[in-house]
């Protein structure tokens, strides 16, 4: 078990069905053109502001637009786009959507101990690229909404993946069950840890489906009838050795892996496409899942990361993050807190309890 809880507030991210707004050189040439762009942006994303607030937010918006514009003119491997967060400062974004208090948990619980077991330690031959989406082991991108449940989404991606690998059946599982019922140490919309969620699933005998226990984006009372109708079980979990992208690669070559990252930077805030190489630290504040890796034509290595902010953010809900950097923690700390579920067979819980629940519904 990890020595501290990741994601106290997680990323309370909400994305509308609208996509990012395109703009051009003429839109940033003058104060008037920027104001017109701001009004278009507000209409595009249905953002209501008072007259007083508009004046304040317009200055923030100008700063962000210019940052996006200047960044996209540079020879970078990724692009930014003006999205829902166009008039939020970088600090507001970090405070609201990346507000995890990880240092407190580190000091309180101490550094985690060395990994006891890593089943892929002796794997020496790896494919040059892996994409579990192409292998049918990844469900469509989901949206956590205004709830700090990224830890639950990260957990579910990994469990859905290993279940499909073992059974050849892809089942969308319930994040809401984790939010409502895994509350002994995890804290629902106020954050949690993937390792604890894996152990909860193991101890409860499995996790039910999203169809049976749909997502509400809020803390609700645990529905024990639904909780007692598991459809997918696991046998525990293991941690990837800390600060080793090589070991993370070994794990991802065999199954999707839950990871924590620092997602609070402005470039992450406005990421749209390409291999992300932007500035970020190791203040882990968001749970995501690595579902593959690869290399671009020009030789840039990357991780394929599934997010939980809907398909409108990034590359249809995904971000490619640079892999193999010189810092041992990996870009944005991606190699610091990786773990994956264990499933030793192709069997799952009996459908009797699920069928009984469906009869009641």
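Quick reminder: no glycine exception, Cβ is built from N, Cα and C everywhere.
According to Swiss-Prot, the features are:
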type: ACT_SITE; residues: 150; note: active site
type: ACT_SITE; residues: 286; note: active site
type: ACT_SITE; residues: 307; note: active site
type: DISULFID; residues: 147-189; note: disulfide bond
type: DISULFID; residues: 181-222; note: disulfide bond
type: DISULFID; residues: 280-332; note: disulfide bond
type: MOTIF; residues: 358-361; note: motif 'Prevents secretion from ER'
type: SIGNAL; residues: 1-20; note: signal peptide
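Overlay of Swiss-Prot annotations on the structure.
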residue: 181; record: disulfide bond; contacts (Cβ under 8 Å, 6+ apart): 200, 204, 222, 223, 224, 227
residue: 280; record: disulfide bond; contacts (Cβ under 8 Å, 6+ apart): 261, 262, 263, 264, 265, 267, 268, 331, 332, 333
residue: 307; record: active site; contacts (Cβ under 8 Å, 6+ apart): 141, 288, 313, 314, 317, 318, 319
State the mean pLDDT for the motif 'Prevents secretion from ER' (358-361).
55
Three states by DSSP: which one describes residue 286 (active site)?
strand
Round to the nearest Å and give the CA-to-CA distance linking residue 147 (disulfide bond) with residue 286 (active site).
12
State which of the following recorded positions has the fewest other Cβ atoms within 10 Å around its Cβ: 147, 150, 189, 222, 332.
222
Pairwise Cα distance for residue 150 (active site)/residue 286 (active site) [Å, integer]:
6
